[in-house]
Amino acid sequence: MPSNESTCLGSDRNMQTAWKLNASTPGFTPKKLRVVCIGAGLSGLTLAYKLKHERPMDFVDLRIYEKNHEVGGTWLDNVYPGVGCDIPSPSYVFPFEPNPDWSKFYVGGAEIQQYILRTTAKYGLKERIVFNTRLLKAEWNEDSAKWKLQLEQDGRVFDDETDVLINGTGCLSQWKWPDIEGLDCFKGKLLHSARWDPEYNWEGKRIAVIGNGSSALQLVPSLQPKAAKLVNYIRHPTWVSVNFCPDLTRDGMGSNFEFTEEEKQQFRDDPEMFFQYRKKVEHGVNTVLQMMISGSGEHKFLHETVEGLMRQRLADRPDLIDKMIPNYEIGCRRLSPGDGYLEALQAANARPSFANINRITPTGFETDEGEEEFDLIACATGFNTSYIPPFKMTGRGGRRLDVEWKDKPAAYFATCAAGFPNYFIFAGPNAPIGHGSVNRMIWFQADYMLNWVEKIATEDIRSVAVKDSAVRDFNEFAKENLKRFVWSKGCHAWYSKKTDGEDNIVTAMYPGSLLHFKVYLDKIRGEHFDIQYNTSNMFGFLGNGELALEREKDGDMAFYM
C-alpha cells in the first residue's frame with residue numbers, strides 16, 4: 001500500500017544512523033541538548049526560571065543571548081515620561097513571584113523594571129545570559145540537525161550552534177521612525193518613545209508628538225504640563241478607554257489608586273487572601289475577551305460607556321468631539337486607556353492636529369495648514385509588526401522566514417513556523433495578546449516548548465517541524481473565527497494586514513481566549529509535526545526495555561501507586 005509518510009527534505013534515512021539494540025542503555029535515557037533563546041525579557045527569564053527551578057533538566061544546556069546590557073526587554077527599552085502598564089499590577093507578574101509591594105493598581109514602567117531586576121537576582125536567572133550580543137542570522141543545517149548561528153558582540157562576529165532555537169524577542173521590539181520626508185533634516189531633538197533619552201530636558205520646549213496609540217496616550221499628558229507648547233499630530237482617531245478592570249478600582253470607573261501600607265502588609269502576611277485577590281483580578285482581566293466580540297451585549301456596553309465618557313471629557317470642546325471619537329467599532333484598534341490625555345489636549349498650551357505632515361523641515365513641520373516650529377519631535381509611531389525576526393532565518397530546504405512572512409505571517413498557535421525545525425517563538429503571530437496578562441501567555445508557551453525539549457531529548461529525536469498543512473488549517477480557522485471579533489472590522493491597526501485579493505487578515509490576535517490557548521498547548525499534539533529520529537528505528541529510544549530506576553539501589557519499583 002502507498003506510504004503517507006513525509007517526503008520533505010531531511011526525512012531521508014541517509015541522515016540517520018543504523019539502529020542496533022543497546023542492551024546496556026535503559027529506555028528514555030535523555031541525550032544532551034543545547035537550547036539557545038534570543039532575548040532576556042519576560043520570555044527568556046521565564047524560560048530560565050523554569051529550567052533552573054520548576055523543571056530542571058540536567059541534560060539541557062541553556063544559553064540566552066541578549067542584545068542589551070541588562071534584562072527587562074520592553075521595560076528596559078521604554079523609559080519615556082508616563083510609561084506604564086494598563087494591565088492591573090496584581091496580574092502583571094511572573095507567576096512564580098507574586099508581588100505584594102506594588103505601589104499602585106496600574107504601575108509605571110520604572111517600577112516594573114525594578115521588579116524584574118529584583119526577581120532576576122532573587123532566582124539567579126542571569127547565569128545563563130550573555131549580554132550585549134545580537135543574533136545576526138540563523139541557518140538550519142540538515143546534516144547536523146542543528147541551527148548554525150552567527151552573532152555579534154561589541155563589534156566581534158562569532159559563531160555558535162544549537163539543537164533548539166527559541167525566539168524571545170517579542171512582537172514589539174523593533175521600533176520604527178515615521179515615513180516622513182525630511183526626518184533626518186530636523187535640527188532640534190528627535191526622539192522615539194521606545195528610544196527616549198532620559199537625560200534630555202524637555203521642559204519649556206515646543207513639542208510635537210506624532211501618533212495617538214498607547215504610548216502617545218501616556219506621553220502627551222506627561223509632557224503637556226511643563227511644555228511651552230504641545231501639538232499632537234493624529235492621522236486616525238482612537239478610542240480613549242477606561243483602564244482594564246475598572247470595577248476593581250476604588251471608584252469603580254478605572255481611576256488608578258495607591259495601595260495603602262496596611263493593604264500591602266496584609267498581602268504579605270496572608271498569602272491565601274492575597275492569592276484570592278490576585279485570582280479575582282486575573283478573572284477580571286480574562287473576561288475582557290467578551291467585550292471584543294462584535295455585536296455582543298458586553299461590546300455594546302463598552303462602546304456606550306467609553307463614548308459617553310469621551311463626550312463628557314470633551315464637553316468644553318464640542319468642536320473636537322467628531323474629530324476625536326472614532327466611527328469604527330471600539331476595540332478594533334488596541335484599547336488605549338488614557339488618563340488625562342483628552343484633558344491635556346484641551347489645555348491652553350496644547351492642541352490636537354489632524355493636518356497631514358507633508359515634510360519635516362530643519363525647524364519643524366510643513367503641513368497642509370502651514371509651517372510650525374518645534375524644539376522636540378517625539379515619535380510615538382510604533383513598531384515593525386511584521387513578525388519577521390530581527391535576524392535572518394533560513395530553514396529547511398533554504399526556506400526564508402522574511403520571504404514567507406513578507407505579506408502575511410502564518411504560524412502554528414503563535415509558537416511554531418512551518419519549515420523551521422526545532423524552532424519555537426514566544427508571542428508569535430495570532431497570540432492571545434488582546435486580553436489577559438502576557439506573562440501568563442508566556443508561561444503557557446514556555447511549558448509547551450519545554451515539553452518538546454524533553455520529548456526530543458528522551459526519545460532520541462533528530463528534529464521536529466510543524467507541518468505546512470497544520471499551519472494552513474490553523475490559519476484558515478483563525479481567519480474565519482476572528483470575523484466574530486472587532487479586530488477584523490476594518491480599522492487602521494497593526495493587528496491586521498491587507499493582502500492582495502483578501503480582506504484585512506488579523507495576524508496579531510488569537511482566535512479565542514487565553515484559556516482556550518492554554519488548554520490547547522497543554523498537549524504537544526505531535527500529529528501536527530514531522531518528527532525525524534536519529535536512528536533508523538523510531539523506537540530506538542526504548543533502549544533495553546527497562547527504566548533507569550530499576551537498576552538503582554533505592555529505585556521505586558511501584559512509583560505508579
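Glycine too: its Cβ is placed from the backbone N, Cα and C atoms.
Counting every protein chain shown, 22 other Cβ atoms lie within 10 Å of the Cβ of ILE87 (FAD binding site). In the three-state DSSP classification, ILE87 (FAD binding site) falls within coil. Summarising the annotation, Swiss-Prot assigns FAD binding site to THR74, TRP75, LEU76, ASP77, ASP86, ILE87, TYR92 and lists similarity to another entry as the type of evidence.
Annotation source Swiss-Prot lists NADP(+) binding site at GLY84, CYS85, ASP86, ASN212, GLY213, SER214, SER215, ALA216, LEU217, GLN218, ARG235, HIS236.
Annotated site 'Transition state stabilizer' per Swiss-Prot: ARG334, in sequence order, evidence recorded as similarity to another entry. Of all Cβ atoms in the shown protein chains, 19 besides its own fall within 10 Å of the Cβ of ARG334 (site 'Transition state stabilizer'). According to its DSSP assignment, ARG334 (site 'Transition state stabilizer') is coil.
Here ILE87 (FAD binding site) is compared against the recorded positions GLY213, LEU217, ARG235, ARG334, and the shortest C-alpha distance is to ARG334. Of all the recorded positions in the list TRP75, LEU76, ASP86, TYR92, ARG334, the shortest Cα-Cα distance to GLY213 (NADP(+) binding site) is found for ARG334. The two recorded residues, SER215 (NADP(+) binding site) and ASP86 (FAD binding site), show a Cα separation of 11 Å. Taking the C-alpha positions, the distance from TYR92 (FAD binding site) to GLY84 (NADP(+) binding site) comes to 11 Å. A straight line from the CA of ARG334 (site 'Transition state stabilizer') to the CA of ASP86 (FAD binding site) spans 11 Å. The least crowded of the binding-site residues LEU76, LEU217, judged by other CB atoms within 10 A of its own CB, is LEU76. There are 20 other Cβ atoms within 10 Å of the Cβ belonging to ASP77 (FAD binding site).
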